[in-house]
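As structure tokens, the structure follows; a few thoughts come after it.
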Protein chains: 2
Amino acid sequence: MSFPSPTIKEILERYKVIWALNHASSLMGWDREVNMPEEGIGGRSLAAAEIAKLVQKLMLDEEFVKLIDKADGEELTDIERGVVRMLKRDLKFYRKVPPEIVAEFAKVTSEAFVAWRTAKEKADFKVFAPYLERVVQLARVIADKLGYEEHPYDALLDLHEEGLTSRDVENIFSTLEPGIRRLLDKISTSGWPKHHPLEEEPYDRRSMEEAIREILATIGYPERRFRIDVSPHPFTIGIASPFDVRITVRYPPKDFKEPLFSAIHEFGHALYELGVDEALAYTPVGTGVSLGVHESQSRFWENIVGRSRQFVSLISPILRRHLSNLARYSDEDIYYYFNVVRPSLIRTEADEVTYNLHILLRYRIERLMIAGEVKVTDVPSLWNEEMERLLGVRPRNDAEGVLQDIHWSHGSIGYFPTYTLGNVIAAQIKYAMGFLEDAVASGDFAKIKEWLRERIHRWGATYPPKELVRRATGETYNPSYLLKYLENKYR
Amino acid sequence: MSFPSPTIKEILERYKVIWALNHASSLMGWDREVNMPEEGIGGRSLAAAEIAKLVQKLMLDEEFVKLIDKADGEELTDIERGVVRMLKRDLKFYRKVPPEIVAEFAKVTSEAFVAWRTAKEKADFKVFAPYLERVVQLARVIADKLGYEEHPYDALLDLHEEGLTSRDVENIFSTLEPGIRRLLDKISTSGWPKHHPLEEEPYDRRSMEEAIREILATIGYPERRFRIDVSPHPFTIGIASPFDVRITVRYPPKDFKEPLFSAIHEFGHALYELGVDEALAYTPVGTGVSLGVHESQSRFWENIVGRSRQFVSLISPILRRHLSNLARYSDEDIYYYFNVVRPSLIRTEADEVTYNLHILLRYRIERLMIAGEVKVTDVPSLWNEEMERLLGVRPRNDAEGVLQDIHWSHGSIGYFPTYTLGNVIAAQIKYAMGFLEDAVASGDFAKIKEWLRERIHRWGATYPPKELVRRATGETYNPSYLLKYLENKYR
């Protein structure tokens, strides 16, 4: 992996300062969640905004843009093409969406966030509605500025997942929706556990921290490149991939699978960033290519590996050593505790069977809002009806319905589908890999990680998501593997 | 405190991005010492260098410089004048010292650091000598570029402490040297303890952490603006003064006064940054004015408050609650443990009586090196002779002699005198304040902090150090107070 083109070399030389600013922004974001004293927020926000403006200015620097255009006309290696592609993606946004709109969007979403928080506390959508309306209007303006072929929502999808279209998403859900609903019907009458007593049991936090550290060490990570901290919302960040990658975990007072699986989930993200080829460090392709591919890595480890029988057998001795109450439970018990299936109202608490129906609901509503085909004020009733139709449960109020997610208040529209895409790709990987169960059963994580690194991680953002998935699994997005995986597991 | 001049308003508006970059650099530095996984160092160094170059570029921006020149000719408030003064200080350096020299200095010192580490391990000055020679040569070049009135060393002093000259330093030591040596002679025959058994006793680290937190809380700090971490070398940093200020502590395995006093020392620095007027935040004057004034705050709390009888009585219940072995010792014992006086080889282990003689030694040698009046190869023997003359002890090897400090390898020449200056100012403050012993005895730290805030902290870098000290204590640097304080305490 190298960069033979002199034009690309010059681009990368000039890109260093942009990388440096992004590095600083990442660290500032991580620190805000993990360490920052509360009243540091004013200075931190000021600095983040100033640095974002500076990045935009440096990206739009005339000579830099000329170099990119020049490189775009040259014979390039795959990696070099990746560099140009990633830079052009950023440039497209900066050029087509005027700074005034970006500034207005920042202002509207910061107000919308406050309104959302109040609305959720009061379980009253009306408080949030006017802000959501403005968010949707602005998102539509941004979609129009960016352009699209078939549907304005596609422009927003592409912002979050390069190349993803409504057509892709429709194709995925046209398989998943009937398949999952059929499966849910079967599960509901099969006696598969809907609840487990461990969900209500508290655990010792320090013991759980140790257990998690030991379990992640069993999978394996480079100690001098990785760290684990605590924050209110778990996340992963490549501060300087692949040399400095960090995850955070949250410890609710009961139900130890929560911190366990959120840690394994984030660890999946981290392995991706840790696996990027060192030669790509500090370049525009030196990080995971997209949210969807990233989510495929986190879901692969969290669900497909983490909730498997083989993994339970492997880690149950560690868990038993740290959590005394587990003496009362067999590995079989733990397996069912990890895999309770229960249609529920809250997305973040959903199991792997029902999860994608929560995404489908959000996707449909977002697309209608952006097209102006549903009025924002009608969204709560639409939400509740769809919820009942898809999952057979109905929110008692807006807080456990339409107001549950923070994302719309942040202006993230076109983002949720990347979660389902991640689940879809994760299952494709499982079947393309072939040896997963055996490798997990024998604790041969090196083999699994090697497969992922060779086919996915090392490339960073060299290939666009669809091409990367095709190269790694032999085909593009194919939801039938996810269905097959779920049907095999929950039959 | 406000900024009526429209020119200054514009300067401050433009300065925000520079503040943002400095904020990012501070955080990156803090994180490197406290959190960063080891292998993150490559990316961190790259980012730090890129951001430093960017700051220089933005500072030298033609329009920005014009605005500063324009403001310089206007009627300004004290604070506005401070803004111009601080910016012009930076500009002077950037303009007079060409980027090539800055880059070469960075290269030389980074190599010198590696050589110093090896040399110290081998206790062999010869390994370090050629690098020190280059550091001294370059420091001399920088001094010549910056210009000076009487001695090239003055240019280097001014770099570290605005306005400080060899003349000031000579004046300080002409009082301190004979005074301290006289005092040391008396102490050595008076039976004042030279050793204490607690110096050899291990302590429980977690208990000590709690004790320190409680003791600092007794002095008082704003919880939402402050944090304490652990790092190999304790330091204080205003990430966004006065809203986000952080200290670090180190916990050696024995001798609990080490972490205790290093924490109180750093806390003194932190109180300065926390006391800066909020209106000065994010401006060039929104931080402590200089190393010397900063050191006056840390030494004031560490030595003058922290090692006093009144303070021992106040905190001994906290220490006893956390450290079980203290049951065997009276408050009187603890007081003498805190105040052991013993001429020793290592500066960082020196007590408050002998400390300034270590600085005098370094100051004299630095000044001779910069003037070319001593050859670098002759420095070790000069060191050993002076050490014996000043303190009556002679290093057995270079590691415990001339190689003990990291600073020269970093290129910090002209820096050590700010430590003695800090001690001098701290004693001036004690006597100017007048009520210190009573306030400490009654635990009225609010009164002490209020005095410091009103006269020193709130002004940030508004006034140059000498003027600030004159305003706060009624006179400029006067070493006789330090001598008086020491003579009273150790008689």
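Backbone N, Cα and C define each Cβ position, glycine as well.
As recorded in TrEMBL:
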ACT_SITE  B:Glu266  active site, proton donor/acceptor
BINDING   B:His265, B:His269, B:Glu295  Zn(2+) binding site
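Structure coloured by features recorded in TrEMBL.
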residue: B:His265; record: Zn(2+) binding site; Cβ within 10 Å: 23
residue: B:Glu266; record: active site, proton donor/acceptor; Cβ within 10 Å: 23
residue: B:His269; record: Zn(2+) binding site; Cβ within 10 Å: 24
residue: B:Glu295; record: Zn(2+) binding site; Cβ within 10 Å: 26
Provide the three-state secondary structure of B:Glu295 (Zn(2+) binding site) computed with DSSP. helix
Starting from the Zn(2+) site formed by B:His265, B:His269, B:Glu295, give every other residue of that chain whose CB sits within 8 Å of the mean position of their CB atoms, in sequence order. B:Thr236, B:Glu266, B:Gly268, B:His294, B:Gln297, B:Ser298, B:Arg299, B:Trp301, B:Glu302, B:Gly422
